[in-house]
Amino acid sequence: MIPTQTLMAPPPPLPPLPQKSQNLPLRPPTPPPWSPTLRQRKWRTREEEEEEEEQADDETYEQFEERVVNKRAGQMFVSIKRRLRNNNILFSELVHGNNRKQVAQKFYTMLVLKKLQAVELSQDGPFTEMFLSRGPLFENASL
């Protein structure tokens, strides 16, 4: 005996997709008032952030690169200062959840902070965990 095919009714149509709003906010939602980040965060538009990362007409490429590296070092120093309540921070804690490019940037920034004697870096051996601690100029770092 040959099986017979049963005809089924077509599925109901899908609801229409929502239209994209042209007035999307540039900022994420404001954190709750009890959040410690509310006082620390300064909201900037994407255009302002992109302008800071562009080379000015009157600066050389080396000056631009130095400005970007110094800005990153300052941001990283603030982050380290906030986290450095006990003696050491693991480098892996600073870069948790970052991609390879971000990890490399943070590693280079750590070397810049080491050069400025704001932090001390120590490692037991090659390919082992790196520890960060306060450097001789930690309290008086000029970033």
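Keep in mind that glycine also has a Cβ here, set from the backbone N, Cα and C atoms.
Among the features that TrEMBL reports, compositional bias 'Pro residues' is placed at 9-18, 26-35. TrEMBL lists 48-62 with the feature compositional bias 'Acidic residues'. Annotation comment: TrEMBL describes 90-136 as domain 'Rad21/Rec8-like protein C-terminal eukaryotic'. If you look up TrEMBL, you'll see 1-62 marked as region 'Disordered'.
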Quiz item: Do you know the mean pLDDT across the domain 'Rad21/Rec8-like protein C-terminal eukaryotic' (90-136)?
Solution: 92
Quiz prompt | For the compositional bias 'Pro residues' (9-18), residues assigned helix / strand / coil by DSSP | solution = 0 helix, 0 strand, 10 coil
Exercise. Could you tell me how many residues in the domain 'Rad21/Rec8-like protein C-terminal eukaryotic' (90-136) are helical, how many are strand and how many are coil under DSSP?
Key: 20 helix, 11 strand, 16 coil
